[in-house]
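Enquirer: Pasting a structure here, questions to come.
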C-alpha cells in the first residue's frame, strides 16, 4: 500500500500555457481527477486547484499549483504544512526533458535537474528532496539554448499523442501503486513504451 497523501501536477497557469510541454504534470493530475470522478476547484489558501479523492481506501489530495512554475513550492508547502504531509508522502508529477515522449517513470528523491518547479518545492520543503516524482518524458530540443522555448511550446500532434498515452499509463500505474505497492507500480510503468 502507498503512503502517498498528496499528488501534485506542475504547470504554469493560464490558457496560453495549457497544452505546453511544461504542463505535463498537470495533465496527469487532471486525468487522475477525471478517472476518480473528482473536480479540481480553485483554493486560494493553497495557491492552486485542489481535489480530494479516495484511492483504494486512502484519502489523497490532488493539487495543481496556480503559481508560475518557479513558485510551485509556495503552493505545495502551504498544503503540505496545513495537512501535516511529510515530503515522503508527496508525489510530484513533472515534465522531463531527458526522456522521450511516450515514457514516464516513478522516482524517489534526487535533485531538481534544472527544473525550476522542483527547485522551488525542494526549497519550500526545508531542502528535503525525499519526495516521490513522476517524470513524464517530453523529449529534448537538442540544444540547451532552445530549452526554454521548447518547454513553453506545444508538442507536435505525434509527440502529444505519445505523451497522452504515457499519462494514461501513469494513471493506471497509480492505481497499482495504491492497490499494491511502489515496486509493482514502477515495474508496470517502466515497462511501458507508447
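Every residue gets a Cβ built from N, Cα and C, even glycine.
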Enquirer: Given that Swiss-Prot assigns 17, 68, 70 to the tRNA site, pick the one from 3, 81, 116 that the record assigns to that site as well.
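Expert: Swiss-Prot names 116 for this tRNA site.
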Enquirer: Please determine which of the binding-site residues listed here (17, 68) has the lowest count of neighbouring CB atoms within 10 Å.
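Expert: Among the binding-site residues 17, 68, the sparsest Cβ neighbourhood within 10 Å belongs to 68.
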Enquirer: Cβ within 8 Å of the tRNA site centroid (17, 68, 70, 116 excluded): which residues?
Expert: 12, 22, 67, 69, 71, 72, 117
Enquirer: Measuring Cα to Cα, how many Å separate residue 22 (active site, proton acceptor) from residue 70 (tRNA binding site)?
Expert: 11
Enquirer: Please report the DSSP secondary structure of residue 95 (site 'Stabilizes the basic form of H active site to accept a proton'), reduced to three states.
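Expert: In three-state terms, residue 95 (site 'Stabilizes the basic form of H active site to accept a proton') counts as strand.
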